[in-house]
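The next block holds one structure in the form of structure tokens; read it before the comments.
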Amino acid sequence: FQSLDYDRCINDPYLEVLESMDNKKAQRYEAVKWVMVFAIGVCTGLVGLFVDFFVRLFTQLKFRVVQSSVEECTEKGCLALSLLELLGFNLTFVFLASLLVLIQPVAAGSGIPEIKCYLNGVKVPGVVRLRTVVCKALGVLFSVAGGLFVGKEGPMIHSGAVVGAGLPQFQSISLRKIQFNFPYFRSDRDKRDFVSAGAAAGVAAAFGAPIGGTLFSLEEGSSFWNQGLTWKVLFCSMAATFTLNFFRSGIQFGSWGSFQLPGLLNFGEFKCSESDKKCHLWTAVDLGFFILMGIVGGLLGATFNCLNKRLAKYRMRNVHPKPKLVRVLESLLVSLTTTVVVFVASMVLGECRQMSSTSQSGNDTLSLQGMSEDVNSSIKTFFCPNETYNDMATLFFNPQESAILQLFHQDGTFSPVTLSLFFLLYFLLSCWTYGISVPSGLFVPSLLCGAAFGRLVANLLKSYIGLDHIYSGTFALIGAAAFLGGVVRMTISLTVILIESTNEITYGLPIMITLMVAKWTGDFFNKGIYDIHVNLRGVPLLEWETEVEMDKLRASDIMEPNLTYVYPHTRIQSLVSILRTTVHHAFPVVTENRGNEREFMKGNQLISNNIKFKKSSILTRAGEQRKRSQSMKSYPSSELRNMCDEHIATEEPPEKEDLLQQMLERRYTPYPNLYPDQSPSEEWTMEERFRPLTFHGLILRSQLVTLLVRGICYSESQSSASQPRLSHAEMSEDYPRYPDIHDLDLTLLNPRMIVDVTPYMNPSPFAVSPNTHVSQVFNLFRTMGLRHLPVVNAVGEIVGIITRHNLTHEFLQARLRQHYQTI
């Protein structure tokens, strides 16, 4: 895994862009950014519309065929035929979903761990490619329609992030022939901002929660954030929500422009029956039960995560190393088991419950009537006499969203035994399903599982304790929040998402309390499900802050002192050797500190160029004072000017002898280890290997390869000023896939030519002192989105470098143990 280059490289080409930038260009750039953010939101909404339309189409087709078959076979005794029909539908859909994951393996799962890593600054290969979003959208469509216990909301977040990454680039590796000359947003910094907006738009489209989507993007990873980005992300989320709402309302209700269906998952309106005067949505007494439910939800979530982690480790050891067909077979096995369990449980374990006679009053809104009709139309009466319904079949033989609405709003009761069995079966099967090779979300299965748990608690309180005032829908909602919070451990964003989904602000306090308690309880045992899967993949994710005891360490304790560096002027053969024998993505640009530098300048033009660059780039207080003294406005004092003039008069006159003539006369050859293009020898002493190096800047691997590919160099007989110059647009033209050093044709290059890297390096990167505490290093690295952090001592010498690997929890723990051993 590689990190993203979020820090700006303030080199000469970038400064030329800044010099040419005026207010008009800056405003145009900002306007293009807003247009792109709006386009990302609209496209994410359309992706959600596509997935929802076909999931609904395939699911209705499947259940219509199977339900009519069950009703016929109930009388004829051929239920095995109905089971085969259901298996035929489900296995076909799941097989197609697995094939799509074989095409693009990163499309498996929910995609939230991968997007969380990307927003944290880690580049996961293939995670934001066009092929990924195509396989993800089609795959989740088939896996949900195939009856697996998965949701489409998690993959929507991934899909939105891919749209955000790809749309502003106007190019794709999958569509190489389609090229647009779009000069904007050619950096990881811009791309990650758009990915943040796309991920938020995915949440907004999934739940109809634009504010929750914005908070999700902020809470779940984006280490660098500002006010301008907040505005853009919220605007993108709004665009996604209302695009999806506009088309869904028009397609389903025929009333274009009415905006009745804000998201893919709609919780409906929570409202007590007008006939029940004792009913309240919740009371202060209920908060005690909500806290207990939060504790139980945290325990259940921790259990779910523990089981899923063991399953994931088993898959990594026994399934993933085998041929890819084994992954498809595993998905088909899960589908087969799920289908048989659903069918048998619905036919055998269900109880016939009395239907409630709900009558809607005339002044109810269209959305309430539609919701009531949706709840009542999804009731299943398998094997039950008139005026009764099969409660287990009603939960299992419906789309998951309909089952959630049943638990939230169905006035008729569900048997405690049915709810217990349903919760147990759903818990185990959804835990087994999450991690197989199909696109799969976890939000909806967790909500449904938790809703069953909450409804069970409400039934027990009503039946055995006699609390008639409680509203079952509220307990189902709190149960859903408790279990989902115990699994994913999200707090702020999940609270707002659930409040926006219910359209009931009075639920804010109980939802927040429940989620906090569930998170604290679950964190006592293990991490959230997404963090577990990130750790299993070995991604170096940075948390929000370090532990307190890590401040016992300094930057010098965690840095890497064994550096691979380049000189300001370096031969092509040295650069090629460095790039081909290392995997580092940035190299310090340094010069060596020697007492007799003037002697060495006479012996070699390359060394001379490097030493002259060092002398010209070192800022001294006296030199700065002389520069300022030349301005009468800055220093009007005549005494100060006279003092500076006297100081200048006593300066030694610059050496005017011809360096080339000195080289011809002296013929002085320095020691071999002083050549900048000579690699280290095993015979060197520690002092020779780690000799003092004055730090001048950082240059990236991609920049060095670009210079070599374009032939940016000069010969030893020429001045470095004769080297061709590249513009900022030319340097970033190949983004995001820069050429590889191993693809470089070396026959086109003269190995003795010299490359002047100084115009292209970053001369002012963030740097820290060796004595800086780890917490300060960590905060600087994370909040500024850095990739490399040089450690520079008091006299300007680089002594080490810190990367993301050096700040991971495991690495810091190992260094802390070493620290204790040396005390």
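Backbone N, Cα and C atoms are what each Cβ position is placed from, and that goes for glycine too.
As recorded in TrEMBL, the features of this protein are as follows:
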DOMAIN    761-822  domain 'CBS'
TRANSMEM  34-55  transmembrane segment
TRANSMEM  91-112  transmembrane segment
TRANSMEM  133-150  transmembrane segment
TRANSMEM  194-217  transmembrane segment
TRANSMEM  281-305  transmembrane segment
TRANSMEM  325-349  transmembrane segment
TRANSMEM  417-436  transmembrane segment
TRANSMEM  473-499  transmembrane segment
Legend entry - the transmembrane segment (325-349) versus listed stretches 34-55, 194-217, 281-305, 417-436: most Cβ pairs under 8 Å: 417-436
Inset, instruction - Could you give me the DSSP helix, strand and coil counts for the domain 'CBS' (761-822)? - result: 28 helix, 15 strand, 19 coil
Inset, instruction - Over the domain 'CBS' (761-822), work out the mean pLDDT and round it to an integer. - result: 88
Inset, instruction - Could you tell me what the rest of the chain brings near the transmembrane segment (91-112), counting residues at least six beyond its ends with Cβ under 8 Å? - result: 58, 124-127, 129, 131-132, 134-136, 138-143, 145-148, 154-155, 157-159, 161, 220, 324, 327-328, 331-332, 334-336, 339, 434-442, 530, 533
Inset, instruction - Take the transmembrane segment (34-55) and find every residue of the same chain, 6 or more past its ends, with a Cβ under 8 Å from one of its Cβ atoms. - result: 133, 137, 140-141, 144-145, 152, 155-156, 159-160, 163-164, 167-168, 185, 194, 197-198, 201-202, 204-206, 232-233, 235-244, 247-248, 251, 264, 399
Legend entry - Cβ-Cβ under 8 Å with the transmembrane segment (133-150): same-chain residues at least 6 beyond its ends: 47, 50-51, 54-55, 58-59, 62, 86, 89-94, 96-97, 100-101, 103-104, 107, 111, 158-159, 162-163, 166, 334-335, 338-339, 342, 400, 426, 429-430, 433-434, 438-442, 444-445
